[in-house]
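The structure appears below as structure tokens.
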């Protein structure tokens, strides 16, 4: 069943006439055309009969025509009201309720004479949750490039270098491999600074005998990777190395349990129980992982409260961590494809 067919099914389920999609990544997912319109209207209308209409600034029309999108295009000037160019009466409209602003909703009421709204967010999340072979190949390449980033960063480590210098070196060097954009702000944290799970790289200088935490990802043809490695520089303290071994055991055990039909919360419990049994439960303050695709964090989450089941075609992260102030912060993260038989680890830098 195609993506559009799934939306039409949801329109029928909710007795709605059309769906209105405005999140740029979701529009790209359905059309193959990517735009960042800022304040301008950029939206895809999917009607119950399968017709698709893309609203975009007139200056982008030729780009849309060159894209895979084959539906109708409504291009508008900045001085025009887009709705006046495509007059419609839509009794019930499905929207991305988590994203659509009140101002845009008012425009829809007046522009399309909408009487009521429904939600299409969950349907889109469920579609994006299961990756196609093409999407998987792009994520696999993004993961390969993330491995390269770690390699670049580790090779640059030397006593006295700052966190910020290592970040800059990684992001400049990886451009030689065709990477134009990182998935998120690259994180490099030294020693006990890594005890802040989302710390900001700064001017802290690397000292002998401490761990270095790398958390990074790249975007390849719109798809993200996201991986973390914690690397020894010299011989860290006995407690820091003990923490590392516990995190590695938790991650390995959780990954080995992945297969279709297993509740996501069970995977979280496996890692969390190992860390708790070793006395560090209070120092693992976040969920075990999350979905990965067009965004570095997307549906679904790997958490203790998510009873949904793993399915073949999902790509998730597994990233346990222990963060002890004044001692060390250790996190290890891999990107995992759920396969029919079990799993495939997409990130490969040594641990």
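A Cβ is built for glycine as well, from the same backbone N, Cα and C atoms used for every other residue.
The Mn(2+) 2 binding site annotation in Swiss-Prot covers 215, 226, 333. Within the same chain, the residues at least 6 positions away from residue 226 (Mn(2+) 2 binding site) whose Cβ sits under 8 Å from its Cβ are 146, 183, 184, 215, 216, 217, 292, 296, 297, 317, 333, 335, listed in sequence order.
Spatially close to residue 319 (Mn(2+) 1 binding site) yet at least six residues away along the chain are 228, 251, 288, 289, 331, 332, 333, 334, judged by Cβ distances under 8 angstroms. Summarising the annotation, Swiss-Prot assigns Mn(2+) 1 binding site to 226, 290, 319, 333.
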Residues near residue 290 (Mn(2+) 1 binding site) in space but at least six apart in sequence (CB under 8 A): 297, 298, 300, 301, 302, 316, 317
Per DSSP, three-state class assigned to residue 290 (Mn(2+) 1 binding site): strand
